[in-house]
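J.: Pulled these features from TrEMBL for this protein:
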type	residues	note
ACT_SITE	LYS54	active site, proton acceptor
ACT_SITE	TYR284	active site, proton acceptor
BINDING	ARG151, MET331	substrate binding site
DOMAIN	263-395	domain 'Alanine racemase C-terminal'
MOD_RES	LYS54	N6-(pyridoxal phosphate)lysine
REGION	1-22	region 'Disordered'
Amino acid sequence: MTYPAAAGDLRPETPTAPARAEERSAVIDLEAIRHNVRRLAAVASPAKVMAVVKADGYGHGAVPVARAALSAGATWLGVAHISEALALRAAGIEAPLLAWLHTPDSNFAAAVAAGIDIGCSGWELGRIVAAAREQERPARIHLKVDTGLGRNGASIDTWDSLLGEAMEYQDQGLLRVVGIFSHLAVADEPERPETDEQLALFRDVLAVARDAGMDPEVRHLANTPATLSRPDTHFDLVRVGLGLYGLSPFAGQSSAELGLRPAMTVRTVVSNCKDVPAGQGVSYGLNYRTGGVTTLGLIPLGYADGVPRIGTGGPVRVEGTNYPVVGRIAMDQMVIDLGQRNVAAGGPSILGAEAVLFGDGTDGGPTAEDWAAAAGTINYEIVTRISPRVPRRYVNEQPSVSENPSAGEGRR
Ligand SMILES: *Cc1c(COP(=O)(O)O)cnc(C)c1O
């Protein structure tokens, strides 16, 4: 089944026409998502898994990823914004669901009404309680403490008073403190000492809560890198984002080395292929000039599709070879230099061939990490920034019979 990214992608199709891949698509392998969830759940066990599907599931599609993750053993979902959580509820997803990044304009009443758990760093508490009164329903909150990241979360010196206030409201039946959590700053660099410091502070905070008689259902600290490298950070629940999508958070370790499978493949179809002379300038600025007589391939993806404009040199795989992008990446297109092919004289043209920007990296194919290196960024950004102009196409929506031998039972 296809989830078009926008109404404009709904092209009429002849029902009898053979299935044809879109001209450009981000193919999302939901079996890879399920595999990654099972892998992360095994690592985290007995802690439970929260699948983090913020930012439209890091560009993979929040709803299909959430469904796949829940079917594979994740028991919680996490997002940044209440609006993202509401969209999941609107899609019929009823799993426990936490949203943690708010502004005074956030719709806390809608969150309470939809049974969404609300992260609370302090200032939100009054508004959450007001929402609970309005909805005549207790809010579910997770108190967040800043153990060193310096972003959200209650400062350590305000923890006592926030805890006390929250407990009073809990006694009044206006809310339930479901969780206590914090977020790590450098877990992707396991050799750094700050994770130990954050962990020690988190333990202190939990001890204060316990001594005050607060016994939350879930204490959570670990993101993907901590889940994979620091079992002592797992507590009751791990919040995994990147790993869910099969990507490695560590500079020196590949997805395969971590037992993960990248779920997104961005591919298109070559839109032009022509011979050019030596010294031909390529793309705006003419920053690249061909070294000799050669053949250029035109790839119809650009920065409007989420390819970083700065990523010249990033790989595009066509017919089993990775070619670096040459010249500037434009809004809609970019160019690869194929070497002399003499297409005019009947040499091998790649017009219409499939072109892959990145995928699961098997057989030497390009990866999101390759594009991150070309663009001076991280794999998180490469997948997340693929724009709505690239339709998402989902494969392996249902577990195969061999994957889940009992799936066929009881159907009749
Ligand atoms: C995004 C986010 C995560 C997930 O981080 P990954 O490194 O992608 O696993 C976990 N917790 C919080 C609070 C986040 O904002």
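Any Cβ shown, glycine's included, is placed from N, Cα and C.
Not measured: the values here are computed from a predicted model.
Please go over these features one by one and say how buried each is and what sits next to it.
T.: Contacts of LYS54 (active site, proton acceptor) defined by a Cβ separation under 8 A and a same-chain sequence distance of 6+ are given as ALA62, GLY78, VAL79, ALA80, HIS81, GLU84, GLY241, in order along the sequence.
Just so you know, the Cβ of TYR284 (active site, proton acceptor) picks up 11 other Cβ atoms within 10 Å once every protein chain is counted.
Under the three-state DSSP scheme, ARG151 (substrate binding site) falls in the coil class. For ARG151 (substrate binding site), the same-chain residues that are 6 or more apart in sequence and have a Cβ closer than 8 Å to its Cβ are HIS183.
In the three-state DSSP assignment, the secondary structure recorded for LYS54 (active site, proton acceptor) is helix.
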J.: How many other Cβ atoms sit within 10 Å of the Cβ of MET331 (substrate binding site)?
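T.: The Cβ of MET331 (substrate binding site) has 12 Cβ neighbours within 10 Å.
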J.: Measuring Cα to Cα, tell me the gap between TYR284 (active site, proton acceptor) and MET331 (substrate binding site) in whole angstrom.
T.: 11
